[in-house]
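Engineer: Okay, so Swiss-Prot annotates it like this:
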type     : residues    : note
DISULFID : Cys31-Cys81 : disulfide bond
DISULFID : Cys40-Cys64 : disulfide bond
DISULFID : Cys56-Cys77 : disulfide bond
DOMAIN   : 31-81       : domain 'BPTI/Kunitz inhibitor'
SIGNAL   : 1-24        : signal peptide
Amino acid sequence: MSSGGLLLLLGLLTLWEVLTPVSSKDRPKFCELPADIGPCEDFTGAFHYSPREHECIEFIYGGCEGNANNFNTLEECESACAA
């Protein structure tokens, strides 16, 4: 195979890796936890991954405790949990 063909193959494999969704078996276990508002009342917007919806969803967070399925931004949630 020529070097141009190898570069094309490498580029296609890289693109496939980037675009391939995270499978549920590769997703961290904390992504399966339910949204948890926590006991505090410093209400703010946060994001959690919803296994049922297969996407990150905004919810109201109380500001303390809760669980690990809690992200400040949609991007953080998608990076950790979403496909």
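Cβ from N, Cα, C; glycine included.
If you look at the structure here, what lies around each of the features I listed?
Structural biologist: Within the same chain, residues at least 6 positions away in sequence whose Cβ sits under 8 Å from that of Cys31 (disulfide bond) are Tyr49, Pro51, Asn69, Ala80, Cys81.
Cys40 (disulfide bond): 13 other CB atoms within 10 A of its CB, across all protein chains. In this structure, Cys40 (disulfide bond) belongs to neither helix nor strand by DSSP; it is coil.
For Cys56 (disulfide bond), the number of other Cβ atoms no farther than 10 Å from its own Cβ, over all displayed protein chains, is 23. In the three-state DSSP reading, Cys56 (disulfide bond) counts as strand.
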Engineer: Counting only residues 6+ away in sequence within the same chain, which have a CB under 8 Å from the CB of Cys77 (disulfide bond)?
Structural biologist: Phe47, His48, Tyr49, Cys56, Phe71
Engineer: Looking only at Cys64, Cys81, the disulfide-bonded residues on record, which one has the least crowded Cβ, with the fewest other Cβ atoms within 10 Å?
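Structural biologist: Checked Cys64, Cys81; of these disulfide-bonded residues, fewest Cβ neighbours within 10 Å: Cys64.
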